[in-house]
Every structure is written in structure tokens, then in C-alpha cells.
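Here is the structure we will look at, set down as C-alpha cells.
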């Protein structure tokens, strides 16, 4: 997938979104180490994605042609640019999120919390739900996690980076805008329903055990589960 690595993020736009939005906006980020302690297989496959390597493109003399097309300076270190960093890390400008002054490896790259929401408020309940299912088969309503800020839909979070340009069809777009637009290069055209299925962008999908039930459920949940790999429990 020709991922658009976007400069010009208004970082707050990422986290005032969808169900559980007010709680998610206030929740601290924790970093993907917490998520990957259980979701090891997903975390391992994520490491090979463009999202995992998002910060690399901000380094000097990397993606030189793309930067020149967008009228950026290829020799500049954009890892220090507050208008760029937010679309290449988790939680920039948010509680517990990535900072330029003290960058944390577990928040570097577009990881778990950029899509699923900042985890502090829901992670404990998420883990307890898994434990309850293993013990007694008890299922947990997804709405309980959504109320705590877990995002089951993702589209707005993706749009906040991939569609944040002048003239964007996304209504949330606002300055500072990304310079990487479809007008600069057609590869920056972003259609969520297509891109979310791009295997080079996302971690592998594995069979879920059925811990959660009900709405809100991601619109491609059943489709992804139909072709998901066998679960790698405890790996």
C-alpha cells in the first residue's frame, strides 16, 4: 500500500471522535507495550507495516522525491516538527502521548492506540473481559468498552491524517493541513473502505474467541474474521 504519511496534523482532531469520544479525549495513552503483552501475534505482524515505520519518512533525506513533490525540504529533520509528528506517532499532544522532547519507543509509529483509542480507561476492563471468558465463557458487551473509550470503528481516526488537506471531502479537515494530497500525487487518494483492507498497512487478523458481543461492531468485522488466521494464543 502506498501509505500517505501526512504532515500538518492538528493532533487533537484524532481524539474527539466516535463512540466514547469524550472519555477517549481525556484518557491517557499507555503505549503499545501494554496491548502487545496479550496481543503478541498482532503486535509482531504490525512491525512490518508502513504504520510501524511511519517516523522513518520524517528523517532527513528519506522519501526525498515525495517531499520534493509536496514542496518540503528533503534535507530537513521533520521528526522535530510539531506539525508533522502527530501523524507518525501515538498520542502527540495528548495525555501520556508521544513528545518531541522525550520520545518513547512504545509510542513511536502509528500503533494500537492511534486506531483503537487511548487505552488507560478501557484496557483493564478489556483484559478482565478476556479472563472472565476463559473462566466461565461469559461474554462482554462491546458497548461497555466503547463507554470507556475503546474505538470499534476507526474511520474518523484514519481520516484525521489521511484526509486532512484543503478541499478534503472529510468535514473535519482544518489547518495546519497535510501537503500530501491527491493533487500532488494520486497515490494519496484515501478511501477508507479500500485502504482498511490493505494487508501491507494493517496487522494480521487472527480468529477471535468471542469475548465481546453486540454493537458497536466494526463494519468489516465479520468479513475479516472469515479470512482470519488461526489464533496464536499466548504467542
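Yeah, the Cβs are placed from backbone N, Cα and C, and that goes for glycine too.
These numbers come from a predicted model, not from an experiment.
The record from Swiss-Prot ties 35, 38, 39 to heme 1, and of the options 51, 88, 126 it ties 126 to that site too.
Taking Swiss-Prot as the reference, the stretch among 121-144, 145-168, 169-192 described by the feature region 'Disordered' is residues 121-144.
Taking the C-alpha atom of residue 126 (heme 1 binding site) as reference, the shortest distance to any of the binding-site residues 84, 87, 161, 162, 203 belongs to 203. Among the binding-site residues listed here, namely 38, 88, 116, 88 has its C-alpha nearest to that of residue 161 (heme 4 binding site).
With respect to Cβ neighbours within 10 Å, the binding-site residues 38, 112, 158, 161 differ, and 38 shows the lowest count.
The number of other CB atoms found within 10 A of the CB of residue 39 (heme 1 binding site), across every protein chain shown, is 17. Separation of the C-alpha atoms of residue 84 (heme 2 binding site) and residue 38 (heme 1 binding site): 31 Å, rounded to the nearest whole number. The binding-site residues near residue 115 (heme 3 binding site), taking a 10 angstroms Cα-Cα threshold over the set 35, 39, 51, 158, are 158.
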